[in-house]
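Trainee: Dropping the structure in here first, questions after.
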Amino acid sequence: MARYLGPKCKLSRREGTDLFLKSRGKSLESKCKLDQPPGQHGQKRPRLSDYAAQLREKQKLRRIYGIMERQFRNYYAEASRRKGSTGENLLTLLESRLDNVVYRMGFASTRAEARQLVSHKAINLNGRTLNIPSYQVQSGDVVEIRDKAKSQGRVKDALQVTEQYGFPSWVDVDVKSMKGIFKSAPERSELGSDINEQLVVELYSK
């Protein structure tokens, strides 16, 4: 399955919520009718069956983190092998991706932009350049923007906006040096309540 390159607003309307596919500070509500599905007949959102609700939740989570279907299944398989709650393990794996950590630290305005920074070798991890977006960052790892990318306007703008909104508690960011420490994976209570990972677990448990 190819990565989706179409309108981001369409995906958010499809899931009925902001998937954070656009820059921070740019509310989708002013331009997207999130309470209406896309398409000519999208005026009313139909009542979903249990299976449809589970499928939609999986698609929503996959799209938030920009994960392809096969890779998402692999994450679920790994989450189910670990001790503890499979759903929370899944969120931990997704949140620990290098591209997501770059986004959480405010070095990019979207996860897609963060993925691009990593792929273009603009990110150092513990002093070494790493271009694998899916790399699992560990507690205490240091993530920083390489010197060649520190002058990029998009990086400066993203940091400025994130600083205004506030950084997540599980990262410690030095804005001036464009460097951050991944203190730990976030607790479930620190993540949004608009994600129902249990529906994803129910879907894959069938």
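Backbone N, Cα and C atoms are what each Cβ position is placed from, and that goes for glycine too.
Annotations per Swiss-Prot:
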type   : residues : note
DOMAIN : 96-161   : domain 'S4 RNA-binding'
Trainee: Taking DSSP states H, G and I as helix and E and B as strand, how many residues of the domain 'S4 RNA-binding' (96-161) are helix, strand and coil?
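Mentor: Across the domain 'S4 RNA-binding' (96-161), DSSP assigns the residues as follows: 28 helix, 11 strand, 27 coil.
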Trainee: Over the domain 'S4 RNA-binding' (96-161), work out the mean pLDDT and round it to an integer.
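Mentor: Across the residues of the domain 'S4 RNA-binding' (96-161) the model's pLDDT averages 98 on the 0 to 100 scale.
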